Amino acid sequence: MNRTLQPDRGASQTAPAAHQARAFAPASVANVAVGFDLLGYPMDQVGDTVTVRRIDTPQVRIAAIRGIAQPLPLQTERNTAGAALLSMHRDLALPFGFELEIDKGIPLSSGMGGSAASCVAALLAANALLEEPLRREHLYRYALDGEAVASGSRHGDNLGPLFLGGLVLCTLERLVPVTVPAAWHSLLVHPDTLLETRRAREVLKDPYLLPDIVTQSANLALVLAGCYHGDAELVRAGLRDVLIEPRRAPLIAGFTAAQQAALQADAMGASISGAGPSVFAWFQTRSAAEAAAPAVRAAFTAAGFDSQAWVTPLISPGARLL
């Protein structure tokens, strides 16, 4: 499966096909235990949809935000989708503007990449309205500016998977697709509670010990090697977080029990999705992931939270025009 960055359809057009476009971007799992701010993949069963209209006034404005994540700022500079389009608009010095409407399907502060989804969907839709649409790696730079509004830092682990699909290694300069066996699936469980990204980052400020950093680096190497070779035992040996999870786990009621439930169901590994509170786990088959879901959800029920669960292949599609 070729997941290298490609120009969008219509990139050679000399005039926009329409004055309105819509795009969908799915939820995503970021960090993946061993790749803090570096590694992520999409979960395409839930996501955000953004409609962008081309307007004569050279400005970016948000007309409406609807859906399950409320309230979110309508001020362009304070909204990830708006900030990303502002970055594009200023960089290209466009003589026209954009008006956008955001339909949120991803819960707020869920660790499911909601800010990234709105951001990428907005960029894809706006890009379709340009006389000469840009390649997706160019859009990635604008998306990084948008994501910084939500978390206070530029990081691409939620963004890259939405541009490429599948498991992606994301630096600030490039996106690298990671080969994964088609049979491997991810379980994602979201408890009905909030954990703000900025708060989750605050607990990471204290220094880390060098031996822990070395261990985490080795774990990342094991996971990447296991993915490329299709070796579940390598992944099982490496898919554990010794840096971020120990500091964030106390912020998530029920996390430890949920993680143990997944591991007892033969998960290759389980940890916090993004900043949390959602939890992900990797399995070698869809049936194993589906069988584990009730026990993981039960752990959050015992902690006092309702929850939702989704199962998707690790090789899932990213954002797309509608």
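Cβ coordinates come from backbone N, Cα and C, glycine included.
Noted in Swiss-Prot for the protein shown:
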BINDING   Pro107, Leu108, Ser109, Ser110, Gly111, Met112, Gly113, Gly114, Ser115, Ala116, Ala117  ATP binding site
Minimum Cβ neighbour count within 10 Å among the binding-site residues Pro107, Gly111, Gly113: which residue?
Pro107
Please give me the CB contact count at 10 A for Ser109 (ATP binding site), counting all chains in the structure.
21
Taking the Cβ of Ser115 (ATP binding site) as centre, how many other Cβ atoms lie within 10 Å?
29
Quick one: what's DSSP say for Pro107 (ATP binding site), helix, strand or coil?
coil
I'd like the Cβ neighbour count for Ala117 (ATP binding site), meaning other Cβ atoms within 10 Å of its Cβ, all protein chains included.
33
Which three-state DSSP class does Ser115 (ATP binding site) fall into?
helix
